[in-house]
């Protein structure tokens with residue numbers, strides 16, 4: 001937002017560590033509240049307003065219709081619980097967690113010292129106003145100094161907290177890795193010494209008892225190669241023998257086409273002879 005004349009900042013309300021400010025509409029409770037870390041109380045004429053210090057999410061609401069409440073931030077609690085729970089589940093050894101950690105602490109000290117040096121370098125730059133605009137810009141300078149100090153303290157605290165959590169997590173993970181490697185080495189050392197002990201297999205029981213005596217070896221039958229042509233010739237000869245034995249039997253009767261023709265001819269001849277005999281009888285009787 002841009003103003004033709006900057007409003008008067010009455011005070012700045014900030015939340016404690018682990019808490020946040022909730023600016024809620026007292027007349028319309030269904031409206032979602034604004035959850036911020038700091039809020040400014042400004043005055044325009046005779047009316048007071050709440051303005052967010054974080055310019056990425058700006059809002060300007062009348063102070064008469066809104067109320068400010070301090071609520072606990074749930075993110076910090078969840079993060080702390082997750083770290084503690086993860087360490088307890090994985091390691092389970094309190095002695096390893098209590099071991100001194102030298103390297104992470106040194107890195108934390110270096111980060112804190114660098115952040116302090118940056119704050120010391122930035123302070124004189126912000127706090128050195130131009131002499132020409134010293135009188136009319138006094139309120140702005142005070143407001144900027146106050147905001148910068150508050151935000152610097154919060155940034156330092158957040159960096160220290162994050163660096164401590166990272167150092168604890170790195171140290172615990174390093175301890176767990178060391179213990180796991182030691183256990184793996186301890187488990188692998190007996191395997192390398194006695195490789196034959198682990199190599200075993202279940203042998204089926206013998207089919208004969210020792211009291212029955214040794215089993216005599218069976219004579220292996222010689223395997224001979226069979227020629228296909230010889231086997232076919234043998235089958236043909238056997239089939240011919242079977243057919244000849246069937247034909248040689250006296251009880252069998254053979255019906256062929258020639259026998260059928262001869263039987264038909266004999267029947268025709270007998271019928272002709274009968275007709276001729278009947279004709280001769282008639283002629284003789286007439287005479």
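Keep in mind that glycine also has a Cβ here, set from the backbone N, Cα and C atoms.
Keep in mind the model is a prediction, meaning the values are calculated, not measured.
The region 'Disordered' annotation in Swiss-Prot covers 109-175 (among others).
Annotation source Swiss-Prot lists compositional bias 'Low complexity' at 110-136.
Marked as compositional bias 'Basic and acidic residues' by Swiss-Prot: 143-152 (among others).
Residues or ranges marked as compositional bias 'Basic residues' by Swiss-Prot: 153-162.
Residues or ranges marked as region 'Disordered' by Swiss-Prot: 203-223 (among others).
Swiss-Prot lists 257-287 (among others) with the feature region 'Disordered'.
Summarising the annotation, Swiss-Prot assigns compositional bias 'Basic and acidic residues' to 273-287 (among others).
Broken down with DSSP, the compositional bias 'Basic and acidic residues' (143-152) shows 10 helix, 0 strand, 0 coil.
Look at the compositional bias 'Basic residues' (153-162): DSSP puts its residues at 10 helix, 0 strand, 0 coil.
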